[in-house]
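Remarks on the structure that follows.
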Amino acid sequence: MTTFHSLTVAKVESETRDAVTITFAVPQPLQEAYRFRPGQHLTLKASFDGEELRRCYSICRSYLPGEISVAVKAIEGGRFSRYAREHIRQGMTLEVMVPQGHFGYQPQAERQGRYLAIAAGSGITPMLAIIATTLQTEPESQFTLIYGNRTSQSMMFRQALADLKDKYPQRLQLLCIFSQETLDSDLLHGRIDGEKLQSLGASLINFRLYDEAFICGPAAMMDDAETALKALGMPDKTIHLERFNTPGTRVKRSVNVQSDGQKVTVRQDGRDREIVLNADDESILDAALRQGADLPYACKGGVCATCKCKVLRGKVAMETNYSLEPDELAAGYVLSCQALPLTSDVVVDFDAKGMA
């Protein structure tokens, strides 16, 4: 279901020179709908220069039941991030989808775990919520954060992380690595990559001791970190990645199908609708939107999983997938923004969100 609500901006706070935190006021009747699992994101919708824009931003905190916050960092050519910095102000309203995504972790009070987070740049946004909630909810658990930035001045949530370290001095290990700032220790200088993690593993951290690892940041860093953690002994199933979409980047077509004129049945809100694809490379989502369907989506790059649906009948191929887990694929879930029909009897269900 596409569920947007108009939320009022309670405050806009500067985090760094190019990043702001936007806090929305959530009225009491909607607070249950906006209850989130740490690591999930919000999809924001706004009109900019006559065009509707949608972007996903990780929930970074929610100190009160009536508030929820996301952080927006400016990126080169990013229209929504520019809109956020130049136009979003306290008191205005914005269309905000209910929390989505399955990255992260739901803390459990009785659990005693050791967790690792590796982040670079704005990749810290989902980690802040995960770390803060876990340390608060699981009094016997420990967290290590490896956080990479260019300099200390470009570091998002610097004060919030310092406050967490002061609050949990024995349970939070914070390692800040800077690529453009000279430090006494070479170990904390440079970029987070496979070599850096190998060095940390040889002298400071035993990666095999962690129960779960969470990674978020630039694609190259994430790929290096995932490979390094596996080489250092962490099982695949304990490593979780959250990829941010890069606006303007188009994935090269890897699926060659003939779908021009193909009909697909789309089920949403309990109703079936027949759509027709008008090009071999048109996704099910694009075809449905072109024909007036109001389906959930955000990145259109196979990253955020907002457009996830379930194939009830027929066969579908996906061009790329950065967000669905193997068990979701086995259960028949696909990303409609990447889905191309392979047969003439395809039925997809957007109401089936049971594994979200």
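A Cβ is built for glycine as well, from the same backbone N, Cα and C atoms used for every other residue.
Just one of Cys216, Cys337 is listed by Swiss-Prot for the same [2Fe-2S] cluster site as Cys299, Cys304, Cys307, and that one is Cys337. Counting residues per DSSP class in helix, strand and coil order gives 12 helix, 30 strand, 51 coil for the domain '2Fe-2S ferredoxin-type' (262-354). Here the binding-site residues are Cys299, Cys304, and the one whose Cβ sees the fewest other Cβ atoms within 10 Å is Cys299.
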